[in-house]
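What follows is a short report on a single structure.
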Amino acid sequence: MTRDQVTQLVLDSKRRKQLKWAQLAEATGQSKEWTAAALLGQMTLSAAQAGAVGRLLDLPADAVDGLQVVPYKGSLPTAVPTDPLIYRFYELINVYGTSIKELIHEEFGDGIMSAIDFSMDISREADPKGDRVRIVLNGKFLPYRMY
């Protein structure tokens, strides 16, 4: 079973059982953000985590096994995204990416922000003009070294 097929089974069962990512996160013992990334095919689950999710979602054994395979990360299509929400992140990086890069370099020096030693938090922020999406990206700074 391919990772894409496993992901589709996860999404179908999640919808059918009317589960939230936070409920699935309880089964993995990780954050809802990490769990969503894992179950959408971007992270590897341990045998215990995959088993717990498999029981919760009634996944077949080959799907549970598939959740434990190291995925090809960043395997989304390379074309400009067409989904409106994902496109806004693409647009955000196009507009603010160079500013973010400059500000990180000014503060930390020449290097990158890790997406491996990384955490993310997504929450709702009440606002009288309409609720806001709050996203915190927290990655370790990794300086380039000279050799």
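Heads up, the Cβ atoms here are built off N, Cα and C, so glycines get one too.
Values in this document were obtained by computation on a predicted structure and should not be read as measured data.
Look at Swiss-Prot and you will find Arg88, Glu91, Ser114 tagged as active site.
Structure with Swiss-Prot features highlighted.
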residue	record	contacts (Cβ under 8 Å, 6+ apart)
Arg88	active site	none
Glu91	active site	none
Ser114	active site	Gly139, Lys140, Phe141, Leu142
